[in-house]
Amino acid sequence: MIKVVFMGTPDFSVPVLRRLIEDGYEVVGVVTQPDRPVGRKKVLTPTPVKVEAEKHGIPVLQPLKIREKDEYEKVLALEPDLIVTAAFGQIVPNEILEAPKYGCINVHASLLPELRGGAPIHYAIMEGKEKTGITIMYMVEKLDAGDILTQVEVEIEERETTGSLFDKLSEAGAHLLSKTVPLLIQGKLEPIKQNEEEVTFAYNIKREQEKIDWTKTGEEVYNHIRGLNPWPVAYTTLAGQVVKVWWGEKVPVTEPAEAGTIVAIEEDGFVVATSNETGVKITELQPSGKKRMSCSQFLRGTKPEIGTKLGENA
């Protein structure tokens, strides 16, 4: 039986681990990030992958730094024939990459060489792409730069969010892995080098990227809101207060107005001007210190005026 070590951390990784178990491989160990404090009470919380591994009685390693010798030697001691990673969250050292008979392969949520990095799902939507996908490739020390083994395309729908696309790609990754591993073991795959001229990056989202830039086009603002839903969530400011914007709709704006200005207030939301003739009607938001709510609920208690400028004093 093929001995596999799985390395992964978030919810995205769980269906991949589950599929390895269902397909009958001997998962001899799981490597995941350490437990982290979560929420206002800072409750020490295990990763989703750790929770899944423990359900199946699989030994779990949680190195703070996998590149340290005493940590990677624990992985090598498991003597895996194959290592599979999916959103592990640390750069894996060569000592591990070179050890397994069938190598180390990674399940990545983009059509490489596009969108290398830790936030490919967010960026696929934020950049307005109509499709993305899953790539399974050999791992190298350089970020997401290994030779491609298999790929599958996944359509991005008009109202797709990072949350819904995350779920689709997670399942697509598990399914593609199920088809890829037997072909890899049988030596039936021809690795394809990535075209370095086509490389783009999707680095982890920083706080300053979450703010809505109303000077962009309506389409770009709409994609920005979708791409940061349900985490970390786009935000703007209204009357000097931070407001998270959970959802908006593209609407035509016929009269010229300064970008970021409220140009219409309707029953279900208010329309904000952008840099072109497509405005964004905010329909779901979350004022600072309050719960997420529909804009119609918000407007019952707060009455912004037409001409109010959003995005100032953030």
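Yeah, the Cβs are placed from backbone N, Cα and C, and that goes for glycine too.
For reference, Swiss-Prot has these:
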BINDING   S110, L111, L112, P113  (6S)-5,6,7,8-tetrahydrofolate binding site
* Using all protein chains in view, find how many other C-beta atoms are within 10 Å of the C-beta of L111 ((6S)-5,6,7,8-tetrahydrofolate binding site). => 21
* Long-range Cβ environment of S110 ((6S)-5,6,7,8-tetrahydrofolate binding site), under 8 Å and at least 6 residues apart -> R116, P120, I121, A124, T132, G133, I134, T135, A202
* Enumerate the residues of the same chain, S110, L111, L112, P113 excluded, that satisfy the criterion Cβ within 8 A of the mean position of the Cβ atoms of the recorded (6S)-5,6,7,8-tetrahydrofolate site; list them in sequence order. => H108, E114, L115, R116, P120, G133, T135, D144, I148, Q151, Q194
* Hey, what's the Cβ neighbour count for P113 ((6S)-5,6,7,8-tetrahydrofolate binding site) at 10 Å? -> 20
* Structure fact -> Close in space but at least six residues away in sequence, with Cβ under 8 Å from that of L112 ((6S)-5,6,7,8-tetrahydrofolate binding site), the same-chain residues are T135, M137, D144, I148, Q151, Q194
